[in-house]
Amino acid sequence: MSQYASSSSWTSFLKSIASFNGDLSSLSAPPFILSPISLTEFSQYWAEHPELFLEPSFINDDNYKEHCLIDPEVESPELARMLAVTKWFISTLKSQYCSRNESLGSEKKPLNPFLGELFVGKWENKEHPEFGETVLLSEQVSHHPPVTAFSIFNDKNKVKLQGYNQIKASFTKSLMLTVKQFGHTMLDIKDESYLVTPPPLHIEGILVASPFVELEGKSYIQSSTGLLCVIEFSGRGYFSGKKNSFKARIYKDSKDSKDKEKALYTISGQWSGSSKIIKANKKEESRLFYDAARIPAEHLNVKPLEEQHPLESRKAWYDVAGAIKLGDFNLIAKTKTELEETQRELRKEEEAKGISWQRRWFKDFDYSVTPEEGALVPEKDDTFLKLASALNLSTKNAPSGTLVGDKEDRKEDLSSIHWRFQRELWDEEKEIVL
């Protein structure tokens, strides 16, 4: 049990969440559960293993068997790349969902980004010149609801990732925090594309003031080649199971995914630890697929604070983050209120002038209207539409991974707004530098 579990501030917090009804991201929390890190920084976790992020781009028709160490007899370069993309995705989960437990002692409530907040950096990969430079751009494109859009790209190896994320949280009667994720990520590797959906999750350990994340439900990785990976998450039960468990199956296409016996490969283990893979119809023993403990994360290179723009996360939240590290509740309240009041005044000024905040590098596209209706709409060959169709994924703003016809997809009045990176806007950027 955490040393904070019996504190009066924690008891008050538990009482407030028990009766809370609304967006939990706006709920105040005691200082010891606050993180000094903004949600805009979470985008970096997608590429903290550059060698795995870029590996699919090095696989071609001539070398795919030698690159696929887990199966030297892999049937095609497309399948070798899908295995590499799956390994990359699994490698992102530890950073995304349990790195704060290791560095901060338990899961913390991140800072709520303000509209227009930015976080940028790069992986220079100096020890691996063949990797080239990988760039991260993250922007808070909406505050109500809170939405973070991001792009990670490596021009040398023609790898591009873009996506956006939004969460909605609620408490169960047992005070377990359930989190629905919204949004998706798209990965382009030269001529192939992959659509990735994040899983739902829940946070346990709240009653004892020692929160930790457990993933649940499913994630999908849909390839433009037709290949599909379905990842099912489970946690430790009262009587059995291990924490952070998953089972992933790779299929020839979404039709085959209806029958688990048709899986080409099955991968199982712990996403925060090790996992093994076995090939269909093979009597050989399973092989090691990935071990999170063996490959340390490579952290993003972010320029010094004095060189950052006022909109950049670490500069904007510097005083608040410092107060959180000190555990000074009064100073946290003072510095946080000052920043938030400044942002409210900006919104009031914009409203008075009849203008709205201009997003810097991302634009929202409406997938529910036609070009004649005057909105920004996707093109006919839109990658997301193609991949969503192959997966039978809902294009509405339903929880990530919602399939067409699911309960969430059938809800009325759902919009279909999705955020897309505009590379030309970054190329024209004058104020923000890496």
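Glycine is treated like the rest: Cβ placed from N, Cα and C.
It is 7-29, from the ranges 7-29, 398-420, that Swiss-Prot records as region 'ALPS motif'. Cross-referencing SER234, SER389 with Swiss-Prot, the residue annotated as phosphoserine turns out to be SER389. The 10 Å shell around the Cβ of GLN96 (25-hydroxycholesterol binding site) contains 20 further Cβ atoms across the protein chains shown.
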